[in-house]
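One structure below.
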Amino acid sequence: LTYYTPEYKTKDTDILGAFRMTPQPGVPAEEAGAAVAAESSTGTWTTVWTDGLTSLDRYKGRCYDIEPVAGEENQYIVYVAYPLDLFEEGSVTNMFTSIVGNVFGFKALRALRLEDLRIPPAYSKTFQGPPHGIQVERDKLNKYGRPLLGCTIKPKLGLSAKNYGRAVYECLRGGLDFTKDDENVNSQPFMRWRDRFLFVAEALFKSQAETGEIKGHYLNATAGHCEEMMKRAIFARELGAPIVMHDYLTGGFTANTSLAHYCRDNGLLLHIHRAMHAVISRQKIHGMHFRVLAKGLRMSGGDHIHGGTVVGKLEGEREVTLGFVDLLRDDFIEKDRNRGIYFTQDWVSMPGVIPVASGGIHVWHMPALTEILGDESVPQFGGGTLGHPWGIAPGSVANPVAVETSVQLRNEGR
């Protein structure tokens, strides 16, 4: 049980993890907690001769606290400290491979969920983070003091590139700031990516010329391999598009970090979709909470990320959602267990990420969205724009009217 060290004082440079652990019946919590620390750091199933060739005391993970979960039988929050030297600098991939790579299939555990990570400045400073961040994005768009407005083009699959471009134009011309490729729009037989990019670029420039505003469409660069992804991002930049998009969980953290570096070097904003997150994050006792995936994304890089709505068709509890929204946007976030924040997180100077609210929302939700998420957010109305009873153009006019009214009423204290 050398990995269970309740007397250990955590260092400022340690990465700290909070796991929700359900041991198998008959397995003591201390033993299971030590197993989590061992398996996610230097341990293996037996003592090996080569242990003597290194300093395990320097490199091992330590389970330093175990607390029972109130109201749950045989469930514990286990705190583990990992020395900084266990992780490659600037690699979210390596961090997750170490911390959650193997331990979740461990026999001694019935279930295990990573609830939160504390990323020390000594580690976060090795990452570029978001390509631009909230303030630079607003400066690029010249839009301040209100949420930015988006719309996912529907039907998500089946439109030709020309008709897709027409829908983009109608939405942007009416008053939206952004339109969006759906996460599964890549390059299918009915609409190849290059055709889509060209027709969308035409819609962008036409709507910009007519409205005098800067417009964007999240061109999904996600592809089957990294070289193809980069080719699409480069083509988007050559067309003069201001923003591209990536599905960061299906595409992978390595691909995402490569794209984020390209975006910063070339002045592109990066919109991130979290497709597949619920596979990992939805179960309450096993997997990984979305706040951990959100922290990973902020380090890997993205200017927008879908973060739940609190009011639409997709699940999201208010306090917990606001907890990880703050972890995305703010510099310094205090520990607050009511909001699911297990550790105080200091991002130092890393740029923030704008949370995107999308999924079953429409203009009637705007006052609630403005109140809950504030100005630094992007509500996205796909069906709420394209499903307007009078047509797409009136739908896209309704959204800016709703947001301006909501912001004005809030600012006047009504």
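Backbone N, Cα and C atoms are what each Cβ position is placed from, and that goes for glycine too.
Record features, source Swiss-Prot:
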ACT_SITE  LYS154  active site, proton acceptor
ACT_SITE  HIS273  active site, proton acceptor
BINDING   ASN102, THR152, LYS156, ARG274, HIS306, SER358  substrate binding site
BINDING   LYS180, ASP182, GLU183  Mg(2+) binding site
MOD_RES   LYS180  N6-carboxylysine
SITE      LYS313  site 'Transition state stabilizer'
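Note on the recorded positions LYS156, HIS273, ARG274: the fewest other CB atoms within 10 A surround the CB of LYS156. Nearest by CA distance to GLU183 (Mg(2+) binding site), out of the recorded positions ASN102, THR152, HIS273, HIS306, SER358, is HIS273. LYS180 (Mg(2+) binding site) carries a strand DSSP state (E or B). Each of the binding-site residues LYS180, HIS306 was scored by the other Cβ atoms within 10 Å of its Cβ; the lowest score goes to HIS306. Just so you know, the Cβ of ASN102 (substrate binding site) picks up 12 other Cβ atoms within 10 Å once every protein chain is counted. Put plainly, the binding-site residues ASP182, GLU183 were compared by Cβ crowding within 10 Å, and the winner is GLU183. Considering only the recorded positions LYS154, LYS180, ASP182, the residue whose Cα is spatially closest to the Cα of ARG274 (substrate binding site) is ASP182. When the Cα atoms are compared, ASP182 (Mg(2+) binding site) and LYS156 (substrate binding site) turn out to be 6 Å apart. For ASN102 (substrate binding site), the nearest of the recorded positions LYS154, LYS180, HIS273 in terms of C-alpha separation is HIS273. Listed binding-site residues near LYS180 (Mg(2+) binding site): THR152 (candidates THR152, HIS306, SER358; Cα-Cα distance within 10 Å).
Annotation note: LYS154 (active site, proton acceptor) sits in a coil segment as assigned by DSSP.
Comparing CA positions across the recorded positions THR152, LYS154, LYS156, the one lying closest to HIS273 (active site, proton acceptor) turns out to be THR152.
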